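Novice: Got a structure here, written out as structure tokens. Questions coming.
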Ligand SMILES: C[S@@+](CC[C@H](N)C(=O)[O-])C[C@H]1O[C@@H](n2cnc3c(N)ncnc32)[C@H](O)[C@@H]1O
């Protein structure tokens, strides 16, 4: 990160540059006009990680500045939510005089929510004993006077969860509130207000859909839970076990009755649905009972592997959310042979960085 570029006054110009670059990069695919969803210029990140610097009795947070190629002290962090910034100040004052909690502490991670909950993970270069647990409990009690907080201690092969290892986020989508369990160290969309806009955009793209939805890389069910209203049934798959467990929690919390989650890699699921291999993991799920005209994918930065790309191409409508326009463009080289781009969006989840989140809706070209 470049701390000097984190200036709200510079944000409109940076956003315009991203918009121009993305528009140019996707012009070869006859992309329609880019729909742009801006971020707030400050306090938009719901999670943040800091190194901890020990300097005699003093102790402070720091980050690596890529421009200066150096560690920089960081008492407050403009991208992080106000809740994280408030907690940073309160926590450091607690840690400084506490020999047990500060001893060999090297990192602090924060996961906050719009709902007001915050999870603090303290990472150590030493094993944590009973004395740590007692001090951390006392810390939680004191912080709880001001915050809805949970604390986790981590060391090599050790994890102490004092109470909960998750927060429950509340996102408002077209006026409706959804609950999302978010587990420490699992994938969650970092910019909650932009995530709400992504969900509204995906709902708009899929309104009046026919049949069922297939979703790959569903994480904690972030999109599946909201999109279920636009389809008869939804079948969603995800690889990471904690995310699948959160997705089950989120299905129940939001009372969604037409959504089923399977723990499976996209690669294995491609083999299963194309009949190349049989999987016991599918249990009693009858894949042939789904009539999916639409597929939704939100893969990691590497994009879709070849087998998944081939499988995805078989669907009438493809909704693709990507955190890496480069791999999205690579995948579009193939998909644009059979599908045309109907909608194109930029979600600026990551102000003051080169990163950008894009969304495309593709429909099969007439034969
Ligand atoms: C960009 S995240 C999107 C998650 C979700 N759509 C959301 O909005 O929170 C990508 C997800 O893909 C999962 N993943 C990574 N590799 C995978 C694979 N080979 N097969 C299935 N899921 C995978 C990750 O665990 C992660 O949850």
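First residue shown is number 1, and so on along the chain.
Every residue, even glycine, has its Cβ placed from backbone N, Cα and C.
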Novice: Can you pick which of 131, 286, 298 TrEMBL lists for the same S-adenosyl-L-methionine site as 189, 217, 222, 238?
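Specialist: Given 189, 217, 222, 238 bind S-adenosyl-L-methionine in TrEMBL, the matching entry from 131, 286, 298 is 298.
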Novice: Once the chains shown are all counted, how many other Cβ atoms turn up within 10 Å of the Cβ of residue 222 (S-adenosyl-L-methionine binding site)?
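Specialist: A 10 Å sphere around the Cβ of residue 222 (S-adenosyl-L-methionine binding site) contains 27 other Cβ atoms.
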Novice: Other than 189, 217, 222, 238, 298, which residues of the same chain sit close to S-adenosyl-L-methionine? List them in sequence order, counting a residue when its Cβ is within 8 Å of the Cβ centroid of the site.
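Specialist: Here the nearby residues are 187, 218, 219, 220, 223, 243, 321.
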Novice: What three-state class does DSSP give residue 189 (S-adenosyl-L-methionine binding site)?
Specialist: coil
Novice: Using Cα coordinates, what distance in whole Å links residue 357 (active site, proton acceptor) and residue 298 (S-adenosyl-L-methionine binding site)?
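Specialist: Between the Cα atoms of residue 357 (active site, proton acceptor) and residue 298 (S-adenosyl-L-methionine binding site), the distance comes to 10 Å.
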